[in-house]
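Undergrad: Annotations for this protein, taken from Swiss-Prot, read as follows:
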- Cys383: active site, nucleophile (ACT_SITE)
- His519: active site (ACT_SITE)
- Glu521: active site (ACT_SITE)
- Ser16, Lys190, Thr191, Lys192, Pro193, Thr194, Gln195, Lys226: UTP binding site (BINDING)
- Ser17, Leu18, Gly19, Lys20, Gly21, Val22, Asp74: ATP binding site (BINDING)
- Asp74, Glu143: Mg(2+) binding site (BINDING)
- Gly356, Leu384, Gly385, Met386, Gln387, Glu407, Arg474: L-glutamine binding site (BINDING)
- 294-546: domain 'Glutamine amidotransferase type-1' (DOMAIN)
- 1-269: region 'Amidoligase domain' (REGION)
Amino acid sequence: MNSNTKIIFVTGGVVSSLGKGVTAASLATLLESRGLNVTMMKLDPYINVDPGTMSPLQHGEVFVTEDGAETDLDLGHYERFIRNKMTQANNFTTGKVYQSVLRRERKGDYLGATIQVIPHITDEIKRRICSGIADDVDVAIVEIGGTVGDIESQPFLEAIRQLRIELGRNRTLFVHLTLLPYIKVAGEIKTKPTQHSVKELRGIGIQADVLVCRCEKKFDDSEKRKIALFTNVDQDCIFTAEDVDTIYEVPLKYNQQGFDAKLVELLNLNAKEADLSEWQNVVNTIRDVKGEVIIAMVGKYVSLTEAYKSLNEALYNAGYKKGVKVKIKFVDSEDVNENNVESYFKDVAAILVPGGFGSRGVEGKIISIKYARENQIPFLGICLGMQLAVIEYARNILGIKDAHSSELEPTTANPVIGLITEWQAEDGTVHQRTHSSDLGGTMRLGGYKCVLKQGSRAREIYQADEVVERHRHRYEVNSNYVERLEEAGLIFSGRSEDNKLMELIEIPQHKWFIACQAHPEFTSTPRYGHKLFESYIQAAIENSNN
């Protein structure tokens, strides 16, 4: 971080899930539209080292960066809103901070000192914030996870309080997001929760510079004056976060309120006028959609749609590019069997099986894949979805009835899917794993190059000889079965650069049947979409019209 970089800290109060991530990303979008180089960072107060082994039903999606970090789903928002790509430096947790401090204590780096939250933990938090910001960055927006008042967040709040003192008011800004409940029966907006949230923040030494108030409806100047009086925040530094039809409208709403202009003023930034024409085009495209296409997503985490956040957004973005609204029908794979499968898919235009781990609901997914293959329904499989597509093909086309994955059935005699014991990373380093390796941080993670087969549908879609997509898996197609599968009509249309790992499959006789080992949803954005998803949605549109 250079001596001119400005930092905006975004905190939240009253309740969680107010939209701190979207607000932070929207502010970054606005500043980027003014010609500034902006990066973002998310600090998570949980003690896990990363979210890699956490249940998606508790945490939501694990977003994978290009350099292989397993991170919070908010980093997906960041990449969809701004152009800068996130890395492992853009997200860290309490667990990672403590791990680093304890490792240094064991090495003797603290020279016998008693290790304490202050100064050792807070110093490590400050070090990670500052070292994670590149020298060419004009503004860094740092989102603090959790809610003010949570015991887990206190070391992070103390660290940013100290950074305000060390860097000065001209280089730091505190933006606090709170809830303004609207009581419909009384027809009133209640400001008391916001007052108490700001008071709680002041109690630990942080005075909010800007307030963002989440509310069902717009509030008028009388409410602003009341909030300003009791929170010690200037009235012109209080903004509304109102509900919108799509999160991509949020930057435009903030711009209309003069939010970005106020940030430029408060931080004395040398910025040009905002050019939001590209972002306005995105919103116009979303508003102009006509028609609807229904996609069935068959998974086991469907009770929490945040578990598939990037995938949902990739489908929506592809729909916008094709001029239709994508409606996702979430199907719990545990409920699907041979007797009822048709009832789940009779009204859908396409079927998708996403990534996942563990054996729960696997047979329902395989039955769904078989139904898509036999009934010429466009199908997309991702990660585990590709592995199960290979298993289904081996069972029902090759006749290997006990074909399975060694992850899901360790004693299977026909492991068409097996553990990757060795692979080469993009930087040339060789990774090795065994069945006894730790689960956390031991997968094939991050961006890897995939070489596409000439004449394949995948090659036609991507319009390239090779493509880089992000991975998160430890199992792959067993190379001992590849030749037999190809002889039976399955095409491996994408392979790793060393030709050892199967990355893409397709069935040429099918209307549209593609599955990939990677997670292409992580690189889809509302500006640019993603070619694979756009082709898939186009196939779904054509299928629904027939």
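The backbone N, Cα and C atoms fix where each Cβ goes, glycine too.
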Undergrad: Calculate the per-residue pLDDT averaged over the domain 'Glutamine amidotransferase type-1' (294-546) and state the result as an integer.
TA: 91
Undergrad: Given the recorded ATP site (Ser17, Leu18, Gly19, Lys20, Gly21, Val22, Asp74), which additional residues of the same chain have their Cβ within 8 Å of the Cβ centre, ordered by sequence?
TA: Gly12, Thr23, Ala24, His77, Leu177
Undergrad: By Cβ count within 10 Å, point out the most packed of the recorded positions listed: Lys20, Lys226, His519.
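TA: Sorting the candidates by Cβ neighbours within 10 Å, the top entry is Lys20.
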Undergrad: Using Cα coordinates, what distance in whole Å links Asp74 (ATP binding site) and Arg474 (L-glutamine binding site)?
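TA: For Asp74 (ATP binding site) versus Arg474 (L-glutamine binding site), the Cα atoms are 24 Å apart.
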Undergrad: Taking the residues the record says bind ATP (Ser17, Leu18, Gly19, Lys20, Gly21, Val22, Asp74), how far apart in Å are the two Cα atoms that sit farthest from each other?
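TA: Output for ATP binders Ser17, Leu18, Gly19, Lys20, Gly21, Val22, Asp74: max Cα distance 13 Å.
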Undergrad: Let's check the environment of Glu521 (active site): how many other CB atoms sit within 10 Å of its CB?
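TA: Looking across every protein chain shown, the total is 28.
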Undergrad: Take the Cβ of Gly356 (L-glutamine binding site) and count every other Cβ within 10 Å, whichever protein chain it belongs to.
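TA: There are 21 of them.
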Undergrad: If you count Cβ atoms within 10 Å of the Cβ of Gln387 (L-glutamine binding site), leaving out that atom itself, what do you get?
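TA: Taking every protein chain into account, the count is 29.
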Undergrad: For each of Lys190, Lys192, Arg474, count the other CB atoms within 10 A of its CB; which of these binding-site residues has the top count?
TA: Arg474
Undergrad: Which of the three DSSP-derived classes (helix, strand, coil) applies to Arg474 (L-glutamine binding site)?
TA: coil
Undergrad: Specify the count of other C-beta atoms within 10 Å of the C-beta of Gly21 (ATP binding site).
TA: 24
Undergrad: Can you tell which of the binding-site residues (Asp74, Glu143, Glu407) has the fewest other C-beta atoms within 10 angstroms of its C-beta?
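TA: Looking at the binding-site residues Asp74, Glu143, Glu407, the Cβ with the fewest others within 10 Å is that of Glu407.
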